[in-house]
Amino acid sequence: MSVPNSKVAVSVKKGSTVQKVPGVKPTKVAKKVKDDEERVDKGVGWDESHGKRPIKPVDQLELTEAELKEDITRILTANNPHAPQNIVRYSFKENSYKTVVVDQVAVHFVLEGSLIHQDSDEAKRMIAGEGLPGEAVTEETGAEPDEVTNKTPATDVEDEGEVEGVGEEDRPSSVASKTDKKRPNQINFSERATQTLNNPLREKSVQTEPPHRTNFSANANQWENYDAHEEELRKVEKNKEKQKDTVPERVILLESDNLSEVGKASKIFERMIHQNTFDDKAQNFKYFEDASDELKGQEGTLLPLWKFQYDKAKTLSVTALCWNNKFDDLFAVGMGSYDFRNQGGGMVLFYSFKNSSFPEYIYPTKSGVLCLDIHQQCSNLVAVGFHDGAVAVYNLNNEGVEPVHKSTAKTGKHTEPVWQVRWQKNDMDNNHNFYSVSSDGRVVSWTLVKNELLCTDIIRLSVNAAVSEGTEDAQLPMFTCGTAFDFHKQIDSLFLVGTEGGKIHKCSKTYSSHILETYNAHTMAVDAVKWNCFHPKVFISSSLDWTVKIWNHTVNTPLLTFDLNAAVGDVSWSPSSSTVFGAVTEDGKVHVFDLSINKYEPICQQSVVPKGTKLTHLEFNPINPTIAVGDDRGYVTSFKLSPNLRIKPKTKKGQELPEGPEVEVAKMEKLLSELQEM
């Protein structure tokens, strides 16, 4: 069947093939489409200058026809090659280990959008609801290649030129007219808003059942009360009988034991706990040596050890210190007050390094304690002087807190405070005796005879240095106050007495009618005067006039004078060196001197208490390199001397180090000779 030659406008989809219609010449549009397809089919290696044949690279692999036609199948899977395949876990449900399947799918990105396809039912409903125009089959809409729509009037195509004119001139105008209307894309975007649904509120209430109630009523009368009490008494008696039957034998034995054994065991247990608690201080006391002394030259330091304080003696001051010569860790502390306007009771306390938290012995007194001394051989005897003028002797072996001997007005006690007591050697009858000095100017000897305390006046001090043996010849205005005294270490009858006026008297027990010599030592009261532990001619004194002086008792003038810039509370010689002594001042400082190293400055000057606290007493330990320092707030602090404060003379290699009192006497003799040459 022939087709009449007429003008036909054809619209085709880009990229589709155009079939020839019999009797119709191809238009320019069809030719253009064909050329584009041919141009696309040409590969990169196509060279038109060499004819229509591909150009092969030089290094291309040559394959046979069979190899070229062979199909190689490759399957892409989502399995993760790195995922483990041997993981097992224990299943408690099946009581066995099960292999765990590892998930091979990994989601990298998920985005939930609101785009919908225009061919879907939802898109068609939206287009119908919004009144959008229907689809038009054009090049842009993606119509099928076989669909042909007539858009121009049906006119005959006379020649090829007219057809070309239609394709070139009429097509742009038709496309422009169609693009005037905004048409949705194939994937239509639609904005939609959603609102979450609020769940309705519901109320729920629960009511519990009321507790069961029971009514009870009874009559209370006299006989019912009596029966109830009798029944209660019977129950108590039965319980007591059961307890007696179940008491262990050990408890019955404890009731008959002496409680002193329990007290001894508890004291040992308390010491063990204390030593474990303060183990660092115990280690320092025994082993620590300050290595910094090597860098300080000749200076030394004091290492704090234990601090002793009794709660009931917080308001009292430390008025006396004395070490026990037999037990080097035990020392006695006298508690009283130097404020004479506010006097009260006192205490005698005994502390040990083994337990610093609580005293070993406690002796309360009615009057304040001002001095004490422990016997050299019988370390259980302690002589104490009080503020009311009485003296007493305590025996640590006896039970109770009362002294074994105490002076009274009938036995000749002092009328003023007792400032110093000192034990002396036994008399001809082997009776213990000690001496005391008081503000009433009397130096008295006290002898322990059985249950009595007998007194003998040795000397009475006067202002003009006149001395009378009896009380009937002396006049009260002529007496001066004795504040300190000390007996010679080698000559028992020789002793020194310090007075409130600042003078020091040298006296003898054999010449009680007069004073051997008087030294104008200080301008204020003498606090302490002590003989040197080694040299028989040297003694030291301290006073409230801020000075400490070294004396040779054969010379009336002092050998050395040290100004400490504060009132001196106490001074003491070291028992291990003839040239070392220490002093404490009211500004809270401890001064340690070594005359063989420096004759003018202390080798240690250290503050050991807070500001406002006054130091009152200092004592060197007779065996260990430690000192005890007391203050006006009731505290006693122990310190360890650094190596520079207890240095020994150097010797050559192979030479034995000389020891003994002769060496210390030689050191002091050398110092005295140097001072005399100056």
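Here the Cβ of each residue, glycine as well, is placed from N, Cα and C on the backbone.
Residues or ranges marked as compositional bias 'Basic and acidic residues' in TrEMBL: 32-51 (among others).
Residues annotated as compositional bias 'Acidic residues' in TrEMBL: 137-147 (among others).
Sequence annotations record features per position, and here TrEMBL assigns compositional bias 'Acidic residues' to 156-167 (among others).
Among the features that TrEMBL reports, compositional bias 'Basic and acidic residues' is placed at 168-183 (among others).
Marked as compositional bias 'Polar residues' by TrEMBL: 185-199 (among others).
Residues or ranges marked as compositional bias 'Basic and acidic residues' by TrEMBL: 201-212 (among others).
If you look at the compositional bias 'Polar residues' (214-224), there are no same-chain residues 6 or more away from its ends with a CB under 8 A from one of its CBs. Positions annotated as compositional bias 'Polar residues' by TrEMBL: 214-224 (among others).
According to TrEMBL, the region 'Disordered' annotation covers 26-53 (among others).
Residues annotated as region 'Disordered' in TrEMBL: 133-225 (among others).
Sequence-distant contacts of the repeat 'WD' (519-552), counting only residues of its own chain at least 6 positions beyond either end whose CB sits under 8 Å from a CB of the stretch, comprise 481, 483-491, 496-506, 558-575, 578, 581, 583, 585, 595, 661, 664-665, 668-669, 672. For 519-552, the entry in TrEMBL reads repeat 'WD'.
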Inset, instruction - Please work out the helix, strand and coil residue numbers for the repeat 'WD' (519-552) from the DSSP assignment. - result: 0 helix, 20 strand, 14 coil
Inset, instruction - Using DSSP, tally how many residues of the compositional bias 'Basic and acidic residues' (201-212) sit in helix, strand and coil. - result: 0 helix, 0 strand, 12 coil
